Amino acid sequence: MVAHDAAAGVTGEGAGPPVRRAPARTYQVRTYGCQMNVHDSERLAGLLEAAGYRRATDGSEADVVVFNTCAVRENADNRLYGNLSHLAPRKRANPDMQIAVGGCLAQKDRDAVLRRAPWVDVVFGTHNIGSLPTLLERARHNKVAQVEIAEALQQFPSSLPSSRESAYAAWVSISVGCNNSCTFCIVPSLRGREVDRSPADILAEVRSLVNDGVLEVTLLGQNVNAYGVSFADPALPRNRGAFAELLRACGDIDGLERVRFTSPHPAEFTDDVIEAMAQTRNVCPALHMPLQSGSDRILRAMRRSYRAERYLGIIERVRAAIPHAAITTDLIVGFPGETEEDFAATLDVVRRARFAAAFTFQYSKRPGTPAAQLDGQLPKAVVQERYERLIALQEQISLEANRALVGQAVEVLVATGEGRKDTVTARMSGRARDGRLVHFTAGQPRVRPGDVITTKVTEAAPHHLIADAGVLTHRRTRAGDAHTAGQPGRAVGLGMPGVGLPVSAAKPGGCR
């Protein structure tokens, strides 16, 4: 009998010299877009490793390059096809190299990917990421490109093997898809209507992660407040309070120190969630809730189904229950038809809300969205000028809020890849419980990514805190042990979005 190892070659039983095993094929996954894609890319990596591939070392040329793409921004197409063009000479020089394109842009463009980049081997969509190893093998065997785009979710990505980027923080998907119809967003047409995982499955995954040493989880959904209305299991009844119950259940998991979630929709944000946030020991005092615009007229045009005063009322109640909460948001500048009066309304809400940080975007026209057909598309120069004014205002507010923390002690979950200048400044970096980025002087070599320290804030900037007072307390963790042992520890955000700008972070995206 002869057994075949798909990645390592053929070995035989019986007489004769042993057959030399061929080296495993290497892979690289390049991720663009939102935190959903980061989660899915960890599954793509897990699938490939389960199939016998191994991660390519930094700086090496991988045998398989996978692009997990985003379709939210206008430049997503140019970015993908530009990167594919850069790989074309490598593909010509090495026909055995394989290139795969997945994610939202692949779901949207489908066969057009091969028309624009005929050297691509595999195109797969958002609903069938589990097919990637099979498609790669089929393309290699048949010498023909494979395009497989499913119209509905075949399997929850969270049920697939995972190769996580971090030993200390993990993404946990609670739902896939979105039932909203924001006019600027293409995501619902690409990821489908919302489907929710069962609470039992989610909590089982969280417990498994904690058993592996994970300290922090981020619950992911396009609209986490809608969780419970579209369970995949028909035996589970609709439950409008399911998300608050899920947060409280996370509080009962021993060893789980931090719980974050992203993103809620203001139209469905309810007081039971605020109560659960305030009363559950490990839910972090942080809320990322997209506003998009402070103008009620623009919110109607966006089909956001809430108005500015409702939004401000929610954050007022959050701050009443959790006074130290850091509240962050998403804002779009230059939506079609936005007047100076509309923009002034956004500035007014930003002043009143006092966000700790804001992810601010210039409106990007996306074919296939209702907003792309609206009159009043604004000149680039007008959008840019408003964008710069908004950034200046928010940075002033962020700096004032961060300066108020100087002299205070802060607990930090130490991270890797969060500090662009850590090597030069001899600092380490991590996230406070409220999501703020903290650069601190360790003063001792024993502190490791995954450990938990406390330190005192000595300086503030709009996007980060500096703590040069030294480490006040240091707790070694199993996550730190795993990082030291060489388990995955690549750059990863501790929950997204956070307050501050790491070197490389997923962009908030999708319909929220």
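Glycine is no exception: its Cβ is also placed from the backbone N, Cα and C atoms.
Binding of [4Fe-4S] cluster 1 is attributed by Swiss-Prot to Cys34, Cys70, and the same site annotation extends, among Cys104, Cys178, to Cys104. Mean per-residue pLDDT, taken over the domain 'TRAM' (403-471), amounts to 92.
The DSSP breakdown of the domain 'MTTase N-terminal' (25-141), given as helix, strand and coil counts, is 58 helix, 23 strand, 36 coil. A simple way to gauge crowding: the CB of Cys104 ([4Fe-4S] cluster 1 binding site) has 28 other CB atoms within 10 angstroms, across all the protein chains here. The distance from the Cα of Cys182 ([4Fe-4S] cluster 2 binding site) to the Cα of Cys104 ([4Fe-4S] cluster 1 binding site) comes to 17 Å.
Across the structure, Cys178 ([4Fe-4S] cluster 2 binding site) and Cys104 ([4Fe-4S] cluster 1 binding site) place their CA atoms 14 angstrom apart. Break the domain 'TRAM' (403-471) down by DSSP state and the numbers are 5 helix, 30 strand, 34 coil.
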